[in-house]
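Visitor: Sharing a structure with you now.
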Amino acid sequence: MTRRRVWLAREEPLLLAELKPGRPHQFDWKSSCETWSVAFSPDGSWFAWSQGHCIVKLIPWPLEEQFIPKGFEAKSRSSKNETKGRGSPKEKTLDCGQIVWGLAFSPWPSPPSKKLWARHHPQVPDVSCLILATGLNDGQIKIWEVQTGLLLLNLSGHQDVVRDLSFTPSGSLILVSASRDKTLRIWDLNKHGKQIQVLSGHLQWVYCCSISPDCSMLCSAAGEKSVFLWSMRSYTLIRKLEGHQSSVVSCDFSPDSALLVTASYDTNVIMWDPYTGERLRSLHHTQLNPPMDDSDVHISSLRSVCFSPEGLYLATVADDRLLRIWALELKTPIAFAPMTNGLCCTFFPHGGVIATGTRDGHVQFWTAPRVLSSLKHLCRKALRSFLTTYQVLALPIPKKMKEFLTYRTF
């Protein structure tokens with residue numbers, strides 16, 4: 001614990017690399033250059049970047065050496081070089097024909113998909129199939145095979161922008177989409193992309209959807225002050241979480257499913273217990289240099305929040321041009337990084353890197369905390385991966401242990 005706090009006090013995120021789109025393609029006036037979404041594949045072998053102008057770049061990870069300063073991720077680069085003899089993957093460009101808002105990789109590998117794609121697309125090689133789903137401006141969802149860049153399916157049903165996408169982590173190839181048409185839709189890619197459920201109830205655009213790692217819950221955030229929690233088993237509404245004072249725009253579950261974080265234009269991140277609906281903590285985004293007048297009242301409006309892969313940190317992007325990193329047990333940020341016009345952020349699945357997307361169509365890669373989880377946290381994470389809050393509270397163990405296991409020791 002002491003070692004972690006020393007690191008946090010001294011180090012700030014460093015910009016590792018910045019990728020910029022080339023000359024914009026000549027599309028119609030509806031095209032835009034924003035990077036609304038960035039994503040790493042679950043195994044960390046690919047990075048997807050919606051670089052604007054209807055284009056998605058699929059980039060093998062780690063990045064080529066010319067993009068990364070010397071001395072960083074040498075181990076990752078050498079491991080990539082070792083695979084070159086077996087045929088290294090190559091960068092791919094996906095022309096989606098519409099502005100791309102949402103991206104989601106399927107879990108890796110996806111054995112059931114092999115038969116599906118082979119049956120309907122004989123030209124697809126008989127390999128385990130990593131899939132990328134793209135949510136588009138016209139309400140369509142396009143499904144791509146990553147290794148080949150082939151378009152596999154086109155899912156129709158939404159009546160407006162598909163703002164976010166999320167696959168179930170179990171590998172069942174169930175896809176959830178969130179749209180400006182105020183609905184969420186559930187698709188089964190093992191059944192030719194069949195739409196199996198429509199979730200209604202939001203009164204505003206749905207900005208974000210997140211499935212808990214244990215696949216039991218779905219969180220959806222719309223342009224409303226409340227957040228909806230749905231059952232992924234019955235596709236029914238479990239509860240609404242009330243607490244924000246303005247539109248909620250981003251949400252994410254902790255790796256053990258025990259916590260849910262939501263980010264709002266009200267400049268706050270709220271940490272919830274999704275099982276009980278209890279509000280555990282609020283993280284307020286105060287400006288480092290407040291303006292002299294009230295002209296920038298909403299300058300700290302949040303855009304994105306995400307958990308680190310080990311569950312010890314959060315990253316947030318706000319309109320005050322800062323990327324913030326938070327430690328789970330602290331109420332103030334442990335580090336800041338200056339970034340302009342940030343829209344989204346995500347952690348590399350093995351830690352150590354945060355990717356952010358901007359309104360200019362750029363993507364930036366930053367260093368993130370690399371620390372060993374304590375034995376206490378590892379035990380909590382293991383237990384909470386299969387025990388609900390109620391099950392923990394029913395255990396015949398001391399009160400302080402229950403408080404720790406349910407994250408009540410903040």
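Any Cβ shown, glycine's included, is placed from N, Cα and C.
TrEMBL lists these features:
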type   : residues : note
REGION : 74-93    : region 'Disordered'
REPEAT : 132-154  : repeat 'WD'
REPEAT : 155-190  : repeat 'WD'
REPEAT : 199-240  : repeat 'WD'
REPEAT : 241-282  : repeat 'WD'
REPEAT : 295-329  : repeat 'WD'
DOMAIN : 374-410  : domain 'SOCS box'
Visitor: What parts of the chain pack near the domain 'SOCS box' (374-410), using Cβ distances under 8 Å and only residues at least 6 beyond its ends?
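Guide: For the domain 'SOCS box' (374-410), the sequence-distant neighbours (Cβ-Cβ under 8 Å, at least 6 residues beyond its ends) are 1, 213-214, 255-259, 271, 273, 275-276, 280-281, 310-312, 329.
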Visitor: Hey, which bits of the same chain come close to the repeat 'WD' (132-154), Cβ under 8 Å, at least six residues off its ends?
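Guide: 30, 39, 41, 46, 48, 50, 56, 58, 89, 92-94, 96-106, 117, 120-121, 123-125, 160-165, 167, 175, 177, 179, 181, 187, 189, 192-193.
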Visitor: Checking distant contacts: for the repeat 'WD' (155-190), what same-chain residues at least six beyond its ends satisfy Cβ-Cβ under 8 A?
Guide: 37, 42, 101-107, 110-113, 116, 131, 133-143, 196-200, 202-211, 213, 215, 218, 220, 222, 230, 232, 235
